[in-house]
Amino acid sequence: MTIQPAPVTRNTDGHWQHPDLPDWSDTTSSPEMEYWLTQQGLNSKVLQIGSRIPQKVINRWLAGESGRSDDMPERYSLGDSIVLAVYQAEEFTTVWLGTPTQHTGQRTDSNEVYSAA
């Protein structure tokens, strides 16, 4: 994996994008994005964060922290995943993660969405 974790500093609209992501346009295809992820040794995972997750956990995710620690319940640990982007909507926050492929040994569908509501 060549892309490394970066501090998450969201803009006034609540959005953030990893500084090492390519400058993709609105017309960039999913296969092109998948190819880039493969080159980074990553699978794509999307979390839609709702209101049932403790706020301290959400704050840590949005700060770019994803690993297990004494004050982070294991069920919310995202392991070695890194935050690639954060998008804020009125009802929820979407977090795009890159999960190292060596943990799963296989690629996952980039459209796989996990609701953490």
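Every residue gets a Cβ built from N, Cα and C, even glycine.
Annotations in TrEMBL come from automatic prediction, not curation.
Across the region 'Disordered' (1-29), DSSP classifies residues as 0 helix, 2 strand, 27 coil. What TrEMBL lists as region 'Disordered' is 1-29.
For 12-21, the entry in TrEMBL reads compositional bias 'Basic and acidic residues'. Using a Cβ-Cβ cut-off under 8 Å and counting only residues 6 or more beyond its ends in the same chain, the compositional bias 'Basic and acidic residues' (12-21) has close neighbours at 3-4, 6, 82-88, 93.
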